[in-house]
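Encoded as structure tokens, the structure appears first; notes follow it.
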Amino acid sequence: GRDFEDNAVGLAGMETICGGQRSGNVNMVGSYSTAEVAATVAHEMGHNFGLTHDGVGTNTCASSGKIMAAVGSSSAVAEFSTCSVAEMETMLNSGWYTARPCLENAPSTVYGDPSCGNGLREDGEDCDDPDGVDPCCDASTCTFASAAYECSSFMPCCDSCMFITAASQTVCRAAAGSCDMPEVCPGGQADCTVDRYMYAGTACTSSAGNAGRCFAGECESQQETCSQQYIGYDGSSSVALDASSERCSALNDECSGYLWCTKQGGSSTDCEPATTLATGQFAATPTGLACLLPSDKLGVRTGFCQDDKCTLKEQLAAVPTCGNGGVDYGEQCDC
């Protein structure tokens, strides 16, 4: 290997966490404590997630004392700044991430050689039960306790060490909300089927009872997005706004990248840009929220915010892909 130049101790790509070739990072470890090494690795991973250096550019947080400080500290740091937290929230709501949410699917393979007892079922293993509580598994060999057994009791489609049949229509993953779909055991396997959800644009009702539209399996509600993530004009630090406080009534119809809210019962009647609870900075409009298209009738929003533009919901899944686990626009089902 070789040392980095200019006192650098790590290198990582920006917003590459879901990339197939640049999602990793490189760190140079010298005579540092475990805490310092951990902070360096966390810093470089932060760049993979799109986090910027504190105190640089539009990042207004203090330039030292937190993990994303541009210059390392001799003392261990173990916290991200409020700016980093806000940037992470923006990333998770951004179009490039929601189009391929790589953090939400478990890897099919694990780096390194298989190791019985690590709790992960790997090549050559029927099961892996380090605690020895699975009646279907021989914990010492990671094989089934009987040659007749088909699966581990830890698996969602396994009953008494045998596969649950498709005819039973056993739900192995309940619908997480009005935009999700329940999955049933397919038979012949211990795993549940791929998680499926309603196509973008389907009308839905959020868990709080607000009307919204489905996007990537979630019911996006203007009211809740505003009240949960943004402060009121009175400077309140309350996350959930009560009935006497500010209510989110509309998004900026051009989807310029910011949430707009209006104040009920106050002097302001125009929509004003909202700020994040964490930093007081303007925040990007989450992908999937409704917006007005030129063809929309008064009070009806049929567009969706994506990459700061108002887009037809049909274009969110312009090419339906059968078998991708999501019910794309134009599909009635997906398997």
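Glycine is no exception: its Cβ is also placed from the backbone N, Cα and C atoms.
According to TrEMBL:
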{"type": "DOMAIN", "residues": "1-94", "note": "domain 'Peptidase M12B'"}
{"type": "BINDING", "residues": "His43, His47, His53", "note": "Zn(2+) binding site"}
{"type": "ACT_SITE", "residues": "Glu44", "note": "active site"}
{"type": "DOMAIN", "residues": "113-200", "note": "domain 'Disintegrin'"}
For the domain 'Disintegrin' (113-200), would you mind checking the mean pLDDT of the predicted model?
91
Excluding His43, His47, His53 themselves, which residues in that chain have a Cβ inside 8 Å of the centre of the Cβ atoms defining the Zn(2+) site?
Ala12, Glu44, Gly46, Leu51, Thr52, Ile67, Met68, Ala70
Do you know offhand how many angstrom separate Glu44 (active site) and His53 (Zn(2+) binding site) by C-alpha?
11
So which of the binding-site residues is most packed in, judged by how many other Cβ atoms lie within 10 Å of its Cβ, out of His43, His47, His53?
His43
